[in-house]
Amino acid sequence: MGTKWTEEQELAINTRKCNLLVAAAAGSGKTAVLVERIIKMITEGENPVDIDKLLVVTFTNAAASEMRERIGDAISKALEKDPSSKVLQRQLALLNRASITTMHSFCLEVIKNNFHLIDLDPGFRIGDQTECELIKQDILADLFEDMYAKDDECFKDLVEAYGGSKSDDNLNSIILKFYNFIMSGPWPEAWLKDKVEEFNINSIEELEGKKWIEVLKESIILDLNNAYSMLTQARDIAEMGGGLEPYLVNINPEIIQVEELKIALSEGIVKFYNNLMGASFGRLKSVRKASVDDERALEKTKSLRDESKKIIENLRDNVFETSLEEAVLGMKKMYPLMKCLSGLVIEFSNRYRDKKREKDILDFNDLEHLCLEILIDKDEEGNIKPSQVALEFKDRFEEVLVDEYQDSNTIQETIVGMVSRRDIENPNVFMVGDVKQSIYKFRQANPELFLEKYINYREFEDSNRKIMLYKNFRSREEIINGVNYIFKTLMSNTVGELEYDEKEALNLGASYGELNEENVEKEYIDEIENLKVAGDIELNILNKAGNKDYSDEDELGEEEEDLDSIQLEARIIGKKINELMNPEDGSHYMVFDKDLGKYRKIKYKDIVILLRATKNWAETFVDELGTYGIPVYADTGTGYFQTIEIRTILALLHIIDNPMQDIYILSALRSPIFSFTSEEFADLRLLNKDKYFFEIIKEVVDGIYDESISKDLKGKCKYFLDYLNKWREKAAYMPIDEFIWFLYSDTSYYGYVGTMPNGVQRQANLRILFQRAKQYESTSFKGLFNFINFINKLKKSSGDMGSAKILGENENVVRIMSIHKSKGLEFPVVILGGTGKQFNKMDLREDILLHETLGIGTNCIDIKKRIKYDTLQKHAIKKKCELEVLSEEMRILYVAFTRAKEKLIITGAVSDLEKSCENWCKASASSEDNRINPGNVLKGKSYLDWIGMALTKHKDGDAIRNIGNGDITLNLDDKSNWSFKSWDRSELLETNNNKKEKNNIDIFESNNWIESKKDIKEVIEIRDRLGFKYKYIESCNTPSNISVTELKRAHQEEEFMQESYNIIDNESNEENKKEKIKRKPRFMEERQEEFSAAKKGTITHFVMQHIDLDKVTYIDEIREEVLKMVKKELLTEEEGKVVNVFKIQKFFKSDLGQRMLSSYKSGKKVYRELPFITEIPSSIIEKNLDPKIYGEEKVRLQGIIDAFFKEEDGYVLLDYKTDYVKEGEEENFINKYKIQINLYKDTLNKILGEEVKEAYLYSFYLEKELKI
C-alpha cells in the first residue's frame, strides 16, 4: 500500500510546467514530497524524464547522499514489482550520473568541464581552509608593507582611523570582513564601488530616495507607532476618571504632536527632522495619590507616557545626534577613507586570486564565482546574458529542483537563473523550503529571495505558482498548539519577516493513537493506568535572586553570585530528566516508537537538550548531569587541542622543530614517554638558572655535571637526547603525516593512550591529528615548522576542534546540541535550555557594518579632533541589521520548538523574576488584541523574554501575571496547555555528591564480600586510614592570602548564620555552608547587551580614579573628561555612555567632595585607588584557631583604597559605593562595610605612620556621605 498523500502534497508532486514554490512547514514531509516528485517525473507518463536531465540542489552533502539513496531505493522497489521495465532499468543505470548535488559540487563540475574558458589549469585542487587563511595573512602583510612604502596620506589616515593603537590587526580584520562579505554576491567589485559612491553626497536633498533613508523611515515609523499606541492607552485610562483627568492636559497635545511627526515623516526626512527638533514633552501635571481611586491606574498611565517620551527623546538625541547638514558633511568626510579602503579590498582580492592561481588552488568562493564567469557573457552594451554553456544547461535540464531554498544566497540564485528557464518560456524551477526556518544569515543566506516569491507567486495555476504544506506529521497536538500559540503571539513581518497567522499555522497531521493494551509493550500491559504520555509544555525559570533579601536588581549585580546560573539550570534539567526516567509516583513515562508501532518506556536517547550555542554551556551541563547519574554526550566542537594526548604530541613536534622552548620541553619530558619527575626538573634547573633546559640536558650528557646529579637522571637525559636527535633527522625528510605516525609507533604512545581511561576516544583524537597532517601535506606548505604554524592558525581561526566522534546513533545517552545542528532532526522529548541567555548583538557594535542592500555603515571619524560618531547611514543600517538579527533569532526559536515530537520542556534563568514578570506584563498590557506588538517584541533581550511576554496573555499564565501584577486581557480561545515553575537557588544547592558518597559507604559497609579474618583486618585498617583526622585541620581552612572583599563577605555570612541560629556547632555549620562554584573570569564571559550593576560600579570607580580634579565643577567638564577617556581607549564607547555624570557632579558638590577638592587645591596630594598588601593575625579570619598554637601566624590581606586626602589635622579616608540602598537603612549599610573600612584605616595608619582621623562611605545611590 503506497503513501497516502494530502491534497496539497499531491499538488506539489504533480504540478508541472511552471516555477513552483513549495512553502513546507516543519514536519510537513517536504523531503518525501521532493523524492516522490522526482520518481514520478522519471518513471511515469508517456515521456518520462531521464534522471540525468534533472538538477537537484541540496544544502549539504549528507542531504544529497540521502536523496540519491532514497531515489535509488524507490527505483529498486519499483523494479521488484516490474522487473522487465526498461524505463526503471535505465533510470537506475543513470542514477550515478545524476546531478543530485550541493551548489558547490555543481559549480565544481561546471568548472572541471569548462576550465579552458577561464584560463584555469586543469590540475587545480580545492585549498584547505587553514591553508587559505595562511595565504591571506601573507598577502595582507605584503600589501601593508607596500602601502607603507608608498607613504600614501589617505592610507595613513585609514590606519589612524581603523588600525588600532598597537597594530594593524583591526584594519586587517576589516579588509577580510569586506572581502568575505562581497564574495557572497555575484558582482563583488561592482557592489563595493557602487556602495562607496553613496558617501559622495553634497546636499541634504540627495538623502531622499536613498534606500537606507527609506529603511530609516521604516524604523522611525515603528517607533512613532509605538509611542502613539502608548499615549493613546494612557489617554484612555485617564479618561476613565478616577482622579487622573489632569494628565490629559499633557497627553492629548502629545498625541497630536506624535501624529504631526508621522505626517512630517511621510513628507520627507528634512521636514521630519525639523519637526522632531521642535518636539517637547512638558512636565506632567501632578496628581495626588490621595485623590486617585486606583493607584495602579495612576502608575500605568505615568509609565506609558514616560515610555513614549523616551522613544521621542531617543530619536532626537541618539538617531539624530547631529544635524542633517552635519550628517551630509560627515558622509562626505568619510568618502576618501571609504574609497581608500575599497581600493585595499580590491587589491587584496586581486593578489589573493593571483596567488591561488600560482598555487593551482581554489577556495569555496571561487567555485561559485568561476562557475558564474563560465555561465555569463556580456553584450556590446555591457548587459549580462547567458553564455553558450548556460544555454546548453537550459536545454539539458528539464527541471531544476532546489531544496532548502530559504537558505540560498544571491550568487546561488543567480547561478540557478542562468542554468534554468525560470525567467523565459517553459519555466522549470521547483523550490521547496520554509522561510520560518531560515537560520543561516552568518553564511549570507538571504531569506528575502524566498519571501519575494512567497508574496508574489499565486496559489492557483500560473507560470509562477506557490503551494503551501502546513500539515505537520511529526508532533503531537500538544506541541502543535504550543508552537502556534507562541508564534501567533510573537512572529510578525517586523520580527521574523513573516506574519504568523492562521494561514502559516501548523495543522495536526500525526496520529499517535490512544495509550491502550494493544499498542504498548507487553511488560506494561497490566500497568495502563500507571503510564504517562505527552503532557503540558513546561516552563521552568531559575530565579537567581531567589531566597536573597534583594529589593533591587542592582544589588544582585553588585555582589558576586555564589553559584553559576549555568550549573543551576543544568540541575533543573537533571531533575526534569530524572522525573521522566523514574517518576517519584512510581508511574512510567512512555513514548511512541514508530519502528515498533507501539508505546515503550522512555530511554535516555529519546531526550535532546537544545542550546542556542554550546560553548561554555555544554561542558558544564555534561558535568552537572553526570552527578545525577545521567549518561550524556555533547558534541561541543571544542576541547580537542586541550586533550592530554594532543598536547603531548604537539609539545614533541615543537621541540623537534626548535628545542629551545622550555614550556614544550618540560611538557614532553613530564609525559609518560620520558617520565621525568618534578624533583628532576628542579635538579636540572639548579645546575644553571639562566640557560634553556635543552642546553642543560646537553651539558649533562656531555658529563659537565657528573658530580652534581645522579646516574639515573643522566641516563634519562641521554635517552631523551638520543630520541630527539633521531626524530629531528627523520623530520627533515619524511612527509609530516608519515612522521607523526612514526612518532606514535616509535614512542608506543598510541598504544599507551589506548590503555588510559576513555582510551578509544584518545586514540581517535590522535588519528584526527594524523589526518590533519595528511591534509596539510596536500597543501602548498611543507615542513614541520609550517605544519606547526598551520596548527596554530587552525587554533586561532577555528578556536578549537571537537574531539573525535566515536558515539553511534543508537547509544542510549541524552544528547546536547546547538539548535542549528538539530535542524532537520526530530526527538520525542526536547529540552530547550539557556533561554534566558541574552541575544548576541556584538556584531552591531563594530566600527563598520555591511548590508547587501543598504551598503556600508561607518562612524564619522575626525582624525584631527580625535572624535567619532555614528553616521546617519550607520544608524539606518544598524537598525536594519538589528531587525534581521532578531528576526533570525525568532526563526531559530521556531526551529527549536518544532524539533519536539511528544514533549517540550523549556528552562531559563532571570536575575529577578519579579522584575522580569513586571516587564513581560507591561509589554503585554501595552499590546492590543492577542498579539504582542512588534515594538515590544523588539525590546525582548532573550528567548525567555519573548516566551514570558506571550504567556502573560495565556490562560495558564496566572503565575506570571500574579508575580508581575499584570492586568491583561487573555486569549481564552487557545488550546495549548502550559505549566510553570520557578526555582529558587536553595532548591538546587544540594548536588548528588552526598548521595554518591552515601552509596559508596553503603557498599563499603556491606560485609558480604568479607570472607576471612585477614579481610576483616584489612577492612579495619582501611577504615582507620579513611577516618584519619589531621591534628591542625583548622589551619587548612585558613587561606594564606585573602582580599578585603572576601574577608568582609565571610564575616557577613557568619553574622547571618548567628542571627538565624542561636548555637551552631561545627557539624551543622559545615552542612549550612554555601556551596561555592567557581565562575568564569569576566573576560571569558560573553558580553551582554547591558552592563550589570557590578560593571557600572567598576566604571564609576575608574572614572573617579582618573578624572582631572580641576574639571569637576560643571556637567560639561565631566562629560568632556569621560569623552577623553573614551578617545584614549581607556573606556569603550558603551562604557562611556553608562557613566552617570550627574551623580559624579553631586559627589564633588557634597561637603565631602568639597573637602577633597579644597585639599587638592591647597597643594596637598589626593590619593586615589591605592593598592596595598599587609599582614593580619589569622585569628581574624578563623576564630576557631587556638591562640596558643596559632598566635603568631599571619595572613596576607590585600585590597584597594578608593581615596584618601590630607587636611590640616589629619587624613580622611573615603570609600565609594554604588550599591542600591533603601532610604532609612543607612545604618545597616554602614554595618555591612564597617569591617572593610576599619581594615583600611588600620592599614593606612601603618603606611602613613599617623592616625586616620575620619572615614566615610559615599553612596552614589543615596547621593550622600555616611560617616563610619
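For all residues, glycine too, the Cβ spot is worked out from N, Cα and C.
Residues or ranges marked as domain 'UvrD-like helicase ATP-binding' in Swiss-Prot: 3-476. Under the heading ATP binding site, Swiss-Prot lists Ala24, Ala25, Ala26, Gly27, Ser28, Gly29, Lys30, Thr31, citing sequence analysis as support. The annotation domain 'UvrD-like helicase C-terminal' is assigned in Swiss-Prot to 528-824 on the grounds of sequence analysis.
Feature annotations (Swiss-Prot) mapped to structure.
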{"residue": "Ala24", "record": "ATP binding site", "Cβ within 10 Å": "28"}
{"residue": "Ala25", "record": "ATP binding site", "Cβ within 10 Å": "21"}
{"residue": "Ala26", "record": "ATP binding site", "Cβ within 10 Å": "22"}
{"residue": "Gly27", "record": "ATP binding site", "Cβ within 10 Å": "25"}
{"residue": "Ser28", "record": "ATP binding site", "Cβ within 10 Å": "27"}
{"residue": "Gly29", "record": "ATP binding site", "Cβ within 10 Å": "21"}
{"residue": "Lys30", "record": "ATP binding site", "Cβ within 10 Å": "21"}
{"residue": "Thr31", "record": "ATP binding site", "Cβ within 10 Å": "18"}
Secondary-structure category, per DSSP, in which Ala24 (ATP binding site) falls: strand
Listed in sequence order, residues not in Ala24, Ala25, Ala26, Gly27, Ser28, Gly29, Lys30, Thr31 with Cβ within 8 Å of the centre of the ATP site Cβ atoms: Val33, Asp434, Leu469, Asn472, Phe473
Three-class DSSP secondary structure - Thr31 (ATP binding site): helix
Model confidence over the domain 'UvrD-like helicase C-terminal' (528-824) (mean pLDDT, whole number): 85
